[in-house]
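*Asks:* Sharing the record's features from Swiss-Prot:
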ACT_SITE  SER78  active site, phosphoserine intermediate
BINDING   ASP25, SER78, ASP468, HIS469  Mn(2+) 2 binding site
BINDING   HIS137, ARG167, ASP168, ARG203, ARG210, ARG283, ALA284, ASP285, ARG286, LYS358  substrate binding site
BINDING   ASP427, HIS431, HIS498  Mn(2+) 1 binding site
Amino acid sequence: GEFTWKLADHPKLPKGKTIAMVVLDGWGEAKPDQYNCIHVAETPTMDSFKKTAPERWRLIKAHGTAVGLPTEDDMGNSEVGHNALGAGRIYAQGAKLVDLALASGKIYEGEGFKYVKECFDKGTLHLIGLLSDGGVHSRLDQLQLLLKGAAEHGAKRIRVHVLTDGRDVIDGTSVGFAETLEKDLENLREKGVDAQVASGGGRMYVTMDRYENDWNVVKRGWDAQVLGEAPYKFKSAVEAIKKLREEPKANDQYLPPFVIVDENGKPVGPIVDGDAVVTINFRADRMVMLAKALEYENFDTFDRVRFPKIHYAGMLQYDGELKLPSHYLVSPPEIERTSGEYLVHNGVHTFACSETVKFGHVTFFWNGNRSGYFNPEMEEYVEIPSDVGITFNVQPKMKAIEIAEKARDAILSGKFQQVRVNIPNGDMVGHTGDVEATVVGCKAADEAVKMIIDAIEQVGGIYVVTADHGNAEDMVKRDKSGKPMADKSGKIQILTSHTLQPVPIAIGGPGLTPGVRFRSDIPTGGLANVAATVMNLHGFEAPSDYEPTLIEAVDN
């Protein structure tokens with residue numbers, strides 16, 4: 001029939017309840033040991049959900065195919081997680097989109113590739129990005145395919161600017177990745193393509209800063225990649241990585257910037273007028289700052305010295321709000337008819353809040369990579385400024401309590417039927433690898449949840465508490481059997497990345513109709529099932545193409 005925004009009434013659940021939708025960032029479920037910061041932390045609120053109402057607590061999948069990523073080995077992340085939570089359906093995402101475009105060859109027919117190809121005759125193609133198979137920001141096999149494809153489509157001179165990982169993969173693996181890359185480049189040279197590594201550095205020290213935390217990181221990369229200037233000069237990437245790990249004893253994440261030079265000591269690949277540049281990461285957050293420096297004419301955050309006239313494209317578009325970069329090799333998923341848009345069309349007043357580092361997740365990504373309000377009369381979004389210029393283990397409580405206070409006030413105001421927040425501690429503090437600080441962060445997050453639940457109790461509302469992916473629940477690298485791994489000196493290897501763990505979802509509150517419980521027939525439920533669940537709690541049936549609801553209402 002004819003499309004309509006109007007949702008059918010739920011046969012058993014009433015409309016008009018105030019619903020708190022709480023997303024704990026980086027909060028998975030794992031076995032309770034000393035590396036599970038959620039277990040170690042005092043988290044009485046989250047514990048009570050599981051203990052007191054087991055029929056209203058369960059685990060859902062937040063990684064791999066459940067969120068549109070290629071395989072079950074792909075960790076979830078905040079962007080795809082919030083897309084799934086808000087959209088109610090599973091869309092091919094990030095790496096998967098790139099895989100499909102590379103496999104079909106569509107990537108070479110797109111506007112973005114054609115744009116960079118215009119420079120192949122006279123200029124150099126530069127590829128900049130994270131060199132690892134971590135699958136969080138980039139994947140080595142995609143770089144390998146793109147190198148091969150670019151050469152087949154006419155690139156005559158190629159320079160690769162590598163960023164070493166050691167954060168999403170084990171420290172020290174960058175040597176092997178560099179060896180693989182250099183072998184591929186050697187094969188291209190045998191085929192007559194002038195291809196080599198031009199520069200490099202560790203991801204946390206060179207280029208890959210995020211949220212404008214430290215522009216010096218981007219400047220160090222710019223100096224090496226664009227200007228060909230760096231404190232260290234080497235003949236090859238493998239030599240560079242090996243030597244810098246010995247002296248100044250840097251780990252992969254923090255390798256100082258280096259350039260590759262020829263026998264005369266001249267850098268082999270600065271970026272100059274007439275060149276093409278592609279940033280090969282598919283994940284956006286740590287490419288946005290470099291993209292600004294490469295694209296914005298009137299950029300003044302640091303002195304670029306030279307602003308080369310180049311054709312620049314991202315692997316994907318990194319910021320839909322800023323339309324940045326304006327050219328990209330792979331188009332984003334078209335996410336239409338998100339739950340937020342439906343609910344606003346059906347009279348649900350909505351409040352959303354987080355601090356800067358996750359504000360975009362609870363708004364832009366939740367709404368299907370779309371900026372702004374659906375209807376400003378019906379919605380209010382509040383951003384609390386995050387602490388800047390520090391790593392979050394220094395302030396592990398972050399703005400959890402401030403976010404909860406805003407949510408509480410919104411709930412008690414009576415103006416909103418949905419109050420949606422993201423509490424970032426588990427993820428942002430977990431990424432620092434500081435176990436003690438992460439424990440403090442998890443406790444603060446639990447206190448924030450309590451404050452929101454208390455407000456829901458006061459207004460007779462309903463709460464839904466879940467997470468977007470794991471992080472804080474497992475802070476150690478493990479071997480295949482699950483045993484913690486140590487480095488050569490016997491020191492435990494800390495895991496700073498997201499995980500493959502499922503995440504909890506709990507529902508409750510005085511407004512919840514008695515007899516509502518989780519269904520037993522959706523064992524593989526994931527984040528995308530949450531949207532239909534929340535629509536039901538608002539008193540509506542979900543659209544027929546949404547992933548099925550997790551709940552049922554049984555007559556008592």
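Positions of Cβ are set from backbone N, Cα and C atoms, glycine also.
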*Asks:* Need this for a regression test: recorded positions SER78, ARG286, ASP427, filtered to those with Cα within 10 Å of HIS469 (Mn(2+) 2 binding site). What's left?
*Replies:* SER78, ASP427
*Asks:* Using the recorded Mn(2+) 1 site (ASP427, HIS431, HIS498) as reference, state which further residues of the same chain have their Cβ within 8 Å of the centre of those residues' Cβ atoms, listed in sequence order.
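*Replies:* In sequence order, the nearby non-listed residues are ASP25, GLY26, SER78, GLY426, MET428, GLY430, HIS469, ASN471, ALA472, THR496, SER497.
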*Asks:* Which of the recorded positions ASP25, SER78, ASP468 has its Cα closest in space to the Cα of ALA284 (substrate binding site)?
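*Replies:* That would be SER78, the closest of ASP25, SER78, ASP468 to ALA284 (substrate binding site).
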*Asks:* Mind telling me which of the recorded positions SER78, ARG286, HIS469, HIS498 has the densest Cβ neighbourhood, counting other Cβ atoms within 10 Å?
*Replies:* HIS469
*Asks:* Using ASP427 (Mn(2+) 1 binding site) as the reference point, find which of the binding-site residues ASP25, HIS137, ARG286, ASP468 has the shortest Cα-to-Cα distance to it.
*Replies:* ASP25
*Asks:* List the other residues in this chain whose Cβ sits within 8 Å of the Cβ centroid of the Mn(2+) 2 site residues ASP25, SER78, ASP468, HIS469, in sequence order.
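*Replies:* Here the nearby residues are VAL23, GLY26, ALA62, GLY76, ASN77, GLY81, HIS82, LYS358, HIS361, ASN422, ASP427, ALA467, ASN471, HIS498.
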*Asks:* Given the recorded positions ASP25, SER78, ASP468, HIS498, which one's Cα is the least distant from that of ASP168 (substrate binding site)?
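*Replies:* Out of the listed candidates, the nearest Cα belongs to HIS498.
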*Asks:* Just give me the nearest neighbour of ASP25 (Mn(2+) 2 binding site) among the recorded positions SER78, HIS137, ARG210, HIS431, HIS498, Cα to Cα.
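*Replies:* Closest by Cα distance to ASP25 (Mn(2+) 2 binding site) among the recorded positions SER78, HIS137, ARG210, HIS431, HIS498: SER78.
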*Asks:* Quick one: pull the CA-CA distance for ARG286 (substrate binding site) versus ASP468 (Mn(2+) 2 binding site), whole Å only.
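*Replies:* Rounded to the nearest whole number, the Cα-Cα distance is 19 Å.
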*Asks:* Would you mind reading off the Cα separation of SER78 (active site, phosphoserine intermediate) from ASP468 (Mn(2+) 2 binding site), to the nearest angstrom?
*Replies:* 6
